[in-house]
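Visitor: The [2Fe-2S] cluster binding site feature in TrEMBL is assigned to A:83, A:88, A:124, A:128.
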Ligand SMILES: NC(=O)C1=CN([C@@H]2O[C@H](COP(=O)(O)OP(=O)(O)OC[C@H]3O[C@@H](n4cnc5c(N)ncnc54)[C@H](O)[C@@H]3O)[C@@H](O)[C@H]2O)C=CC1
Ligand SMILES: Cc1cc2nc3c(=O)[nH]c(=O)nc-3n(C[C@H](O)[C@H](O)[C@H](O)COP(=O)(O)O)c2cc1C
Ligand code: SF4
Ligand code: FES
């Protein structure tokens, strides 16, 4: 299953590349754009990134595997991230994590059979004063209670 | 009380409001002076880095070579991943133009034409907000080539956002540079320091978001004004983050040197249920924890916290009440550092793993008093023996929690049965 960037995405990558003196530096923006287009990063995706930027595929692999936000397996339509680090833990973060696991019936990095939800236990998200918190894809939900979490999950279509 | 980086002006994140309130006047003033003049003023102001290590900003800027053929760079560190820290996002949201103004003044002072603002990947909303502010600044001629016209000066600089992707280590300045270069985020051995060999081998300065945002007021109101605010050896204000068991968690901008008890009880409304405090981490999870019964008289500035046996770090105060299970807290913190270790140094990579394993064993009810000594010993063997400060950051919570709360941790382990010979 070969992967090719859309015309528009090729243009976006070129815009990013111009910001750096070397092509290699555009690898992170390129991986983000690829993940937007393909949902997750496969071997074919990495080959295309390497080709477009003129870098080694092994360098792309090295970067993809270093960061937690680059996914090499599909995630759900709604990727739920629950923080359990100290400030959230002190305000019920683990209870929220248990609640989310139980409600959706999956464990860390698991995806529900219908592909709608995946969950991840994450480190501090920079919302400690508004704990406990979760993120759904790119959106933060803060100052949570068990009821609010239930509401949020139920509202996701 | 003067607020320097988060003034109480509504809608300051709109360009017209920012301009109406003296926006970019500091930059105009800076461009009428020499770069060395600017560095001198920042030095005299006493501004110290707000990223955690509190290194003199003016001194760091002065390390940049004056004459070189290589391009020079400024990196603004917005990776903000230290547990307990959530302050830089306030600047992105409420005062982005003061950050941009600080960037152009800093670039002018150190002779950099390109600046990269590294923002942690999870901050999607704040990245969009900053990008909007940057686009507006370009449009209005406060960034890019149009600067030459706007300020009537033979200088301009570009500012680009580089989005992180979920790696705490990338906040470490040399790892940050490797990350921008498109490599895996491994810290570099220092020396050489970034001013000698930074991005792509070129002279680079890295400063935290809050540090840079302090620069325009220092230029417009004067270094003397700044130097008189707060603690003499650590002047200015800090964006204190306070979280955990308090009634009013949040970020509060206050002068350095305020009493920790004032911050907890007066500003953050005290502890829910009026419970006693068992433990406070004063500067983000990397800083040594303090006993709740030893908080009297502790002041929130670099020198005072050092004397009290901790450090200011990012000013991220985490409050734990009397019912907190410190073992679980320490286990969680240790798991974090083990998870985030980049793996380059054996003491850090293996040491954080051991500490987590031992703490897990204790948590399962199979620990002994000797394990507590072992934990402290492992921590002491990591300290100072690593390429970057994450090693220390992982070692200090273990060492100091156990040393300072030995009585509590003894309760979590099985008593050693001593068989008399
Ligand atoms: N804001 C956040 O989210 C986080 C902050 N931190 C903080 O990071 C701190 C440790 O950071 P490091 O960069 O390892 O501290 P460091 O003390 O090694 O360096 C601090 C700054 O001073 C400069 N510097 C130090 N000595 C120098 C010299 N001799 N010559 C030239 N420049 C010199 C460094 O280049 C750096 O910019 C901790 O205090 C911690 O609070 C840690 C994790 C996350
Ligand atoms: C593991 C680790 C993570 C760090 N993360 C950050 C960070 O997210 N933001 C930051 O400003 N500094 C961070 N630092 C400190 C930087 O290395 C550096 O000292 C700082 O960005 C310099 O800016 P300043 O002098 O303006 O504080 C980190 C240090 C270490 C060891
Ligand atoms: S101390 Fe830890 S995080 Fe830092 S370079 Fe060594 S292994 Fe990596
Ligand atoms: S500890 Fe959860 S957001 Fe910081």
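Yeah, the Cβs are placed from backbone N, Cα and C, and that goes for glycine too.
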Visitor: With CB distance below 8 Å as the criterion, list the binding-site residues among A:83, A:124, A:128 that sit near chain B.
Guide: A:124, A:128
Visitor: Test of understanding: give the count of other CB atoms lying within 10 angstroms of the CB of residue A:128 ([2Fe-2S] cluster binding site).
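Guide: Its Cβ has 35 other Cβ atoms within 10 Å.
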Visitor: Please report the three-state DSSP label of residue A:83 ([2Fe-2S] cluster binding site).
Guide: strand
Visitor: Quick one: what's DSSP say for residue A:124 ([2Fe-2S] cluster binding site), helix, strand or coil?
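Guide: For residue A:124 ([2Fe-2S] cluster binding site) - judged by DSSP and reduced to three states - the answer is coil.
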Visitor: Write out the long-range same-chain contacts of residue A:88 ([2Fe-2S] cluster binding site), meaning residues 6 or more apart in sequence whose Cβ is under 8 Å from its Cβ.
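Guide: Within the chain, residue A:88 ([2Fe-2S] cluster binding site) has Cβ neighbours under 8 Å at A:96, A:124, A:127, A:128, A:131, A:132, A:133.
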